[in-house]
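Student: Can you read through this structure? Questions will come right after.
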């Protein structure tokens, strides 16, 4: 449970549309009336007002202090898998934040490390949903190593490496499995792999536990389009891309029960 004698410090991120901005401003006013403190630099709680894209933005803005910051979402967008609240519940949420100790739920993250042929400094990223790897042009050809052993040579459009919470995003559209976020794992899913008499891939999603590392090694020296959640990055002279379950975790503030499978049902099946 999160609550100390010191006033809770909060920040709000908004989708930027009129409805979200008005809701965010109203929440800020109400919470300040409860003597909570607003600080965009070092918040205890970040309130995301919008859709899943807004929460992804908030996550990357505060990914340097994940051990100190928890997130809660208010859904005003098209898809709100990460959001527990809707605008009609604004006053109920404000009172809960101001008066109720909240439970912190931690979910696994994906760590992506990109190393370069020139031996320069490596680039390291954290993903809440997924990392995708594609060639800028042509077919992606990658050697896939698991725990240091060559597993396959992949040929196709690309690869998607997702977290358990991210398994409901792009990974699901690719036919990957939905993983419960209590599982410390990542999932590797193919995008339109080439399979014929000459070339073979496993053709199935791979679920790797926390102590397994997936290493992608380019066969050809080409440029890569690599996405980390909503961020799209062009990388040249790539030697390898290492993917593993991160040591860090994302923390969500829960003011009421919202079981994962109910969240999945509400997002994809329920009317």
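A Cβ is built for glycine as well, from the same backbone N, Cα and C atoms used for every other residue.
On a predicted model such as this, the values are computed, not experimentally measured, just so you know.
According to Swiss-Prot, the protein has these features:
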| type | residues | note |
| --- | --- | --- |
| ACT_SITE | 52 | active site, proton acceptor |
| BINDING | 52, 53, 129, 130, 155, 157, 192 | NAD(+) binding site |
Student: Across the record's NAD(+)-binding residues 52, 53, 129, 130, 155, 157, 192, the largest CA-CA distance in angstrom?
Tutor: 31
Student: How many Å lie between the Cα of residue 129 (NAD(+) binding site) and the Cα of residue 52 (active site, proton acceptor)?
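Tutor: With the alpha carbons as reference points, the distance is 10 Å.
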Student: Output, ordered by sequence, the same-chain residues six or more apart from residue 157 (NAD(+) binding site) with a CB under 8 Å from its CB, or 'none'.
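Tutor: Listed in sequence order, they are 134, 139, 140, 191, 192, 193.
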Student: Determine the Cβ neighbour count for residue 130 (NAD(+) binding site): the number of other Cβ atoms within 10 Å of its Cβ.
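Tutor: Excluding its own Cβ, residue 130 (NAD(+) binding site) sees 26 Cβ atoms within 10 Å.
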Student: Far apart in sequence but close in space: which same-chain residues, 6 or more away, have a Cβ under 8 Å from residue 155 (NAD(+) binding site)?
Tutor: 139, 140, 141, 193, 194, 199, 201
